[in-house]
Amino acid sequence: MHNIISFSQAEDRVCLQMGDPENPQLTKDGDIILGGIFSFHRSWINRRDTYMHKPLPLQCISLNFRGFQYAQAMLFAIDEINNSSDLLPGITLGCKVYDSCGSIARGVRASLALINSQETTFKLSDKCTKPAQVQAIMGESSSSLNMAAATVIGPFHIPLISHFATCDCLSDKNKYPSFLRTIPSDHYQSRALAQLVKYFGWTWVGAIRTNDDYGNNGMATFIETAEELGICVEYSVAVFRTDPPEKIQQIIDVIKASTSRVIVGFLSQRDIDVLILEMSQHNLTGYQWVGSEAWIFDSHIAAMDVHYILNGAVGLFIPKAHVTGMKEFILDVKPLNSSSKELFREFWEALFDCKFEDSASTTTENQRECSGHEDLAGVKNTFTDMSLMSIFYNIYKEVYAVAHTLHDILSCNNTCNKTAQLDPFTILQHLKRIRFKTKEGDEVYFNENGDPPAKYEIINWQPTENGNVEFVPVGLYDASLPADRQLTLTNRTLVWAQNSEQVPVSVCSEKCPPGTRKVLQKGKPVCCYDCLRCADGEISNSTDSISCVRCHSEFWSNERRDACIKKKEEFLSYEEMMGALLTAASLLGTCLTAVVMFIFFRYRRTPIVRANNSELSFLLLFSLTLCFLCSLTFIGRPSGWSCMLRHTAFGITFVLCISCVLGKTMVVLMVFRATLPGSKVMKWFGPAQQRLSVLGFTLIQVFICLLWLTISPPFPFQNIKDFKDRIILECALGSALGFWSVLGYIGLLAMFCFILAFLARKLPDNFNEAKFITFSMLIFCAVWVTFIPAYVSSPGKFSVAVEIFAILSSGFGLLICIFIPKCYIILLKPDRNTKRNLMGKEGPTH
């Protein structure tokens, strides 16, 4: 749309004045007057050479187009209300707007000037300069200025409403009882920024803030929330536009020395301007910026960032808004025309970059002359930039909130009660409770702290093909939702620093993978840590685990230490080599015993078999067979019956075996004693007595075993103590006394048998088998004396193997020593298998 502006028109009742700050710069006549404080000028120059080398001027010297936009937004809302028949019918709103020049002192003076009049009634007036008490003040953008103004006018209860002051401190109604705003508090923005940083996985960030109430309070809340979310701030520095060069250089040095790649900037527009200029001099690019609403949507900041310091920045801003007719009204500057012309002439010259012929300002070379009819369509600057429509909408809502409040107080229906007196306290109380919807359908209200609902768009700076920056909404933050749903991002691709599509990484320490735990580095923040591998038997199955969890006693950690796996069960099985060899040895022993038994049965009538007590020999061979077979009960998975059987069977069969050997030894002794004249020994140790002795010795062991099984029998047991990474399946003894009683009884019989055999060793050789019994008992005792320490010290299944080896060794010792010599004679030396030879009476052969 082409806007042709006539400089000479003055039919509108809006007056602009220049000069004394005690006088308003913009006035509009009305029945009820609203105050306004905007920055039409700045009090500093945004040029590094001037800023760095000259003292700051105290007067207003730099025109601020944003202030004119804010004033236009206020005028638009007033005109719309005045032209409405539904809101304040018959009542017109006017305004007085002062230029704060971005100065707290001038802002306070403007506040006092607006409340100076003592009139409490409203009357129609046609004079622009007529003083009138304002019923509400539309406050400045700066939090610090609003804090000062709210402190001054608080005792008068005149509402001060801001469109852009976000400091959380202003929510304190004890300090600022009359302050309200249409932009959310930084309490929500700071927390939202912390959640945004957490969302992208940045746990190690730097923080830069404006050194005023806005920056200090906002950053304090951010850091507090960040700590709750596990985010560490590597450094937090403050900057202000009036800082000396040395202070700015210190901040640059801090950034250079840091390891974090993300910078959270809680800065005002004017302060980030200074910082960008200095960072450009040092080429500090590639940092990912996270910005507050004060600068993240500012096209002026984007335009001056020619070195792409802020490239890919993300941050929060007020959701986009559209108000029908507002853009066109703001760009139509006719209401700002004035006969005094000073402010308007200054505005016009800055807007079109020209000079009037009679201008008092200095004209630069080749600068064209203003005609007063310039076309705004070709102008591209801050005034024509409508990117802050959301903020203009906040001003629009401020004016409407006051209008709705007055409408209610004046009991307006078709007409309003024009005789009513307006009490500031009443207006303030009604304003806090007001709730209405704009023509765009947005609901407006204030909470108990005078704040509106907190909702932000997440903005991402994305470069365009022509080199400009586009502010792209990529998500939403709504503080009214539950905590886990407050922050949502769209599927739209974000652009990051250096135009990368990969999310930057900014951590003090890389994430600890599963299988490790975090150990804090001494003297550093909690985000700086080392990753230690979990100990054996412990796991961590999540990233960045602060501790390792010990596995259940039946489980063990895997190689990666990220899962517990069932411990390998270990027992002596038939499938493994050792078990197979022992099984083979047991079966071999059984087979050999069976072969010997067959040979003895086949040659049972021969002298050598009959002379060696064939009945005891067969019983001994039978018991040896049981001994070899009982070793098989020790192989395989332990069970209840196998545990009870293996020890009792072993104990009984070995006692039976030793009893037979003992009987044979005693028979040898008795036989030779019986050959002495007059001896009747064999009468008392005949076959019946031999059987009874074997039975008696065996029954004693049976009784011991029964007692053991009755009181505390052996049982299967999972041994998890001896080895951490596996379970030893073994048979617990139950009663150790029972086990050692069984073993001790066997040892006692073996020792007694050895002694008797030793005593009979000098008897005639041809008949005497006592020397073979001596050797067998010697082997038996040696094996079992060695068995005890080997059994106790052998781990796991090896203790079972030792026990089996002892049983087999003992069995083979008895079998070989007692029976193999006889089998040798029976099979290979049959000529010696005669009664004469056994009696030692064999004569010379013929």
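Each Cβ is built from the backbone N, Cα and C atoms, and glycine gets one as well.
The domain 'G-protein coupled receptors family 3 profile' annotation in TrEMBL covers 578-842. Confidence over the domain 'G-protein coupled receptors family 3 profile' (578-842), given as mean pLDDT on the 0 to 100 scale, stands at 80.
Positions annotated as transmembrane segment by TrEMBL: 577-603 (among others).
Among residues of the same chain six or more beyond the transmembrane segment (615-636), those with a C-beta under 8 A of the stretch's C-beta atoms are 571-574, 579, 582-583, 586-587, 589-590, 593-594, 596-597, 600-601, 609, 642, 645-646, 649-650, 653-654, 656-657, 660-661, 663-664, 667, 687, 690-691, 694, 800, 803-804, 807-808, 810-811, 814-815, 818-819. Marked as transmembrane segment by TrEMBL: 615-636 (among others).
Per TrEMBL, the feature transmembrane segment maps to 648-672 (among others).
Under the heading transmembrane segment, TrEMBL lists 692-711 (among others). Within the chain, the transmembrane segment (692-711) has long-range Cβ neighbours (under 8 A, six or more residues past its boundaries) at 616, 619, 644, 647-648, 651-652, 655-656, 658-660, 662-663, 666, 734-735, 738-739, 741-742, 745-746, 749.
According to TrEMBL, the feature transmembrane segment maps to 739-760 (among others).
Taken from TrEMBL, the feature transmembrane segment covers 772-792 (among others).
The transmembrane segment annotation in TrEMBL covers 804-827 (among others).
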Considering only the recorded stretches 577-603, 739-760, 804-827, state which has the highest number of Cβ pairs under 8 Å to the transmembrane segment (772-792).
804-827
